[in-house]
Amino acid sequence: LFDGVYPFYVQQRKSSVFDVSTIIVIVVFLSVACSFLLIIPGIRGRARLYWTLRVFFSLFVGVVIVVVQFTGDWETGWVTANTSYKSFSHALVNADIGLHVGLAGVNITLVGNPIHQVNETINYNEHFAWSFSADYDHSYGEGLEKGLPSPILYVAEKFTTQSPCGVHRQYHISGHYASATLWVAFCTWLISNMLFSMPVLVYGGYMLLVTGAFMIFSLLSFSTVRNSPMCPIQFGTATLRTGYGGSFWLTLAIGLLCFVAGITVVSLHYFNLDLLKTFFDLREDKAEEYQEITEVYDNPHFLKDGL
């Protein structure tokens, strides 16, 4: 010990809650939403409701497509076990070990039950990246040098390139292509918004269908990792098993929602164009304009002349 601080960590460890990139994306989209709320009082009648639905639906789809790129819960798993805490030590701790797989890396969490055990605060969240700009084995080596707890290193070792499990390449490639297809979906989402504003409604509906298709393609790409046999992650008698996480199911839901919205726009274009134009505020409703006129003033000069 050095003045009460453990030698492997100069400062106390802090658990990570949100990724900085995720927070930036959410703040940007919230700023756009707040800007729209400032101008919405200037829209009259039912068009105000239609504008609100269209704008917030579009923003929600866009923010989901971008945010899931940085989340780490495409595949998750938890297990509670009694396990060794450090190398060269026989001390056992009771802890929750979590595995959270994202498109660009893996997060491994270790939370003690209770948090304070063996004179330490057991609350860790370590990230190991495997994107093309990162070296997973190097991150794992840094974890060894820092002296991370044994459960974290044990799980992280399963995803190294030298591991007999051989799952690193599968996760690396599938995550890369899933991310790439999501960026294509983001581009088609932008194009659909431009087509709706031109307005070319039916082609905007087609691009919504394409957006949903690429989101489904990203899910199919990531799900290929399930075809590879995963090495068992065993802690005594307990086994850590993983399943699809929140980001996976959220992407699926938004992809299906884009399909429904696109099919609705295309169907209305061919079967009820007036209703579609009304929803997009393209048809002038004369009846509403006449209702806006509450008083009529006549010019006496024209009345005298019989005009």
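Numbering starts at 1 and runs along the chain as displayed.
Heads up, the Cβ atoms here are built off N, Cα and C, so glycines get one too.
Because TrEMBL annotations are produced automatically, they should be read as predictions rather than curated entries.
The shown structure was predicted, so the numbers you read here are calculated from the model rather than taken from an experiment.
Here is what TrEMBL records for this protein:
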- 20-39: transmembrane segment (TRANSMEM)
- 51-71: transmembrane segment (TRANSMEM)
- 91-111: transmembrane segment (TRANSMEM)
- 177-196: transmembrane segment (TRANSMEM)
- 202-225: transmembrane segment (TRANSMEM)
- 246-271: transmembrane segment (TRANSMEM)
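Contact count against the transmembrane segment (246-271) (Cβ pairs under 8 Å) is highest for 51-71, out of 20-39, 51-71, 91-111, 177-196. Residues 19, 21-22, 25-26, 29, 32-33, 36, 40, 43, 102-104, 179, 182-183, 185-186, 189, 193, 196, 211, 215, 246-247, 250-251, 254, 257-258, 261, 279-281 of the same chain sit 6 or more residues outside the transmembrane segment (51-71) yet have a Cβ under 8 Å from a Cβ within it. Sequence-distant contacts of the transmembrane segment (20-39), counting only residues of its own chain at least 6 positions beyond either end whose CB sits under 8 Å from a CB of the stretch, comprise 55-56, 59, 62-63, 66-67, 70-71.
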